[in-house]
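Notes to accompany the following structure.
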Amino acid sequence: MPEVVDTCSLASPASVCRTKHLHLRCSVDFTRRTLTGTAALTVQSQEDNLRSLVLDTKDLLIEKVVINGQEVKYALGERQSYKGSPMEISLPIALSKNQEIVIEISFETSPKSSALQWLTPEQTSGKEHPYLFSQCQVSVPKELVALMSAIRDGEVPDPEDPSRKIYKFIQKVPIPCYLIALVVGALESRQIGPRTLVWSEKEQVEKSAYEFSETESMLKIAEDLGGPYVWGQYDLLVLPPSFPYGGMENPCLTFVTPTLLAGDKSLSNVIAHEISHSWTGNLVTNKTWDHFWLNEGHTVYLERHICGRLFGEKFRHFNALGGWGELQNSVKTFGETHPFTKLVVDLTDVDPDVAYSSVPYEKGFALLFYLEQLLGGPELFLGFLKAYVEKFSYKSITTDDWKDFLYSYFKDKVDVLNQVDWNAWLYSPGLPPIKPNYDMTLTNACIALSQRWITAKEEDLNSFNATDLKDLSSHQLNEFLAQMLQRAPLPLGHIKRMQEVYNFNAINNSEIRFRWLRLCIQSKWEDAIPLALKMATEQGRMKFTRPLFKDLAAFDKSHDQAVRTYQEHKASMHPVTAMLVGKDLKVD
């Protein structure tokens, strides 16, 4: 088979050399906004006569490279936009196949490194101490705490500086480099399960402990579905509001957004999602970002099974149908022929951050849900999923690897699998060729209420009142607004009446608030402009911030204010969020 090329990387491919171990030592400097330290890479040659190798770098100052106690030559190539710069290291001896060598690189990051976000004390809950988080032995000021995507291995005073502490970590399970994460801040923890601490600033810690108290139940269900949990600890870290994602599945330490703190545990499906990544994504990983759906489609599939076990099979179907709606929205936003709406994408010369959307999550899930129905139901397909995790644990794979295994696992159902239009599902843009079947029980009430509003004339508006919502859960309320949003804009009188009878402005659940404010702005209600601007800037979760800014920019009464507000807040946004919102607003 031809080698799979990672078009998002400039480094030597795994067929040339493999990194077997990383020993990272760094010191965090909040004043200069830099990490300085050394990365010692144990590299194994995969071929004979290896004389040099190439690593990825981005916004790094390289002080020196040392092999066997001797400085060696290296060359930093020209910067290639989002990919950074290739760094070619000359080896002092030619390596033979399977020979190992330790390369120690002394480096300093730049204040503009996109993998790091530095928060000023004012941007934190406590307002006293700065904060750092990164997706990427740590010395930090002694009043702060360092955590990593690894098992904590003790802390000692820094022998070189009495005002600092060194935190040590160890990760014995092999992981891809995007799962290396570091956080430093004024953090506290609470025990919420036998293998789980929840960490946050002290202002949020009790709230977080309550919100995520079901974590251990979810972990046990996930183990039943996916096999043993191999990572030891499963901690949660609630970050400051500018964190750009709902969650990030860093091993041993899931990062989550504070927008999940709804007060009623109703947004805990994000925790089920991040837990599921402990199997699909972190144990079995997509080989390149072209196959990102392998990480996310399987993880959504597992997440919905966890929620189904906790809240019933009808709830699993309800969530699945909501996901189909999200997929429809993404396809509508991109356009149905856009290459980013394919399940397997071609990211040659494309920044993966720009291609990011719900497509790999929801089109991937839809394929697995369709296969579940085609092949004989959830229990049979969960058997496949467990075998898939077992087969490919500790490996990076492609869609072809997945499909070959699917065919070998269901070898008695090859005729059924051959009915699948694989080309349409995997490689064609737009919505999937077939929509799976969904139980509509919990969705029907949302559709009925949304239809009443959509068909209502001005004189019918008095027929609505607060009791319309009394039997709807927060999940159904969210789905009702999602249905309304698909029919936006609505007449302004309808929106004002909706606020009058339902008082949506008073709801703090971030998912509900987000859809309500989008509905208001798309229906051109000027009173909602300050509320939408506030939500777009007081948190930085891209799922919320980008669509809100886009809607505000598309409304003539708020366009200039949206651009001005973005420019005022840009410096305090996560670098990825700032870049993408700038592109959305066409100002950067």
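Backbone N, Cα and C define each Cβ position, glycine as well.
Feature list (source: TrEMBL):
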BINDING   Q135, C136, Q137, P244, Y245, G246, G247, M248, E249, R541, M542, K543  peptide binding site
BINDING   H273, H277, E296  Zn(2+) binding site
ACT_SITE  E274  active site, proton acceptor
ACT_SITE  Y361  active site, proton donor
DOMAIN    441-585  domain 'Peptidase M1 leukotriene A4 hydrolase/aminopeptidase C-terminal'
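Within 8 Å of the Cβ centroid of the Zn(2+) site, not counting the listed residues H273, H277, E296, the chain contributes G247, E249, E274, S276, T280, G281, N295, T299, V300, L302, E303, Y361.
The residues of the domain 'Peptidase M1 leukotriene A4 hydrolase/aminopeptidase C-terminal' (441-585), classed with DSSP into helix (H, G, I), strand (E, B) and coil, number 116 helix, 0 strand, 29 coil. In terms of Cα distance, the recorded positions that sit within 10 Å of E296 (Zn(2+) binding site) are Y361, chosen from G247, E249, Y361.
Under 8 Å, Cβ to Cβ, and six or more positions away along its own chain, M542 (peptide binding site) finds P244, Y245, Y356, V576, T577, L580.
Here the C-alpha separation of E274 (active site, proton acceptor) and E249 (peptide binding site) works out to 5 Å.
The number of other Cβ atoms within 10 Å of the Cβ belonging to H277 (Zn(2+) binding site), over all protein chains shown, comes to 25.
A straight line from the CA of E249 (peptide binding site) to the CA of H277 (Zn(2+) binding site) spans 6 Å. Under the DSSP three-state reduction, Y245 (peptide binding site) is assigned to coil, being neither helix nor strand. Comparing the Cα of Q137 (peptide binding site) with the Cα of every entry in H273, H277, Y361, these being the recorded positions, the smallest distance points to H277. H277 (Zn(2+) binding site) sits 11 Å from G247 (peptide binding site), taking the CA atoms of both as reference points. G247 (peptide binding site) sits 8 Å from H273 (Zn(2+) binding site), taking the C-alpha atoms as the reference points. Same-chain residues at least 6 positions away in sequence with a Cβ under 8 Å from that of H273 (Zn(2+) binding site) are, in sequence order, G246, G247, T299, V300, E303.
Note: Y361 (active site, proton donor) has non-local neighbours W293, E296, G297, T299, V300, G323, E326, i.e. same-chain residues 6+ apart with C-beta under 8 A of its own C-beta.
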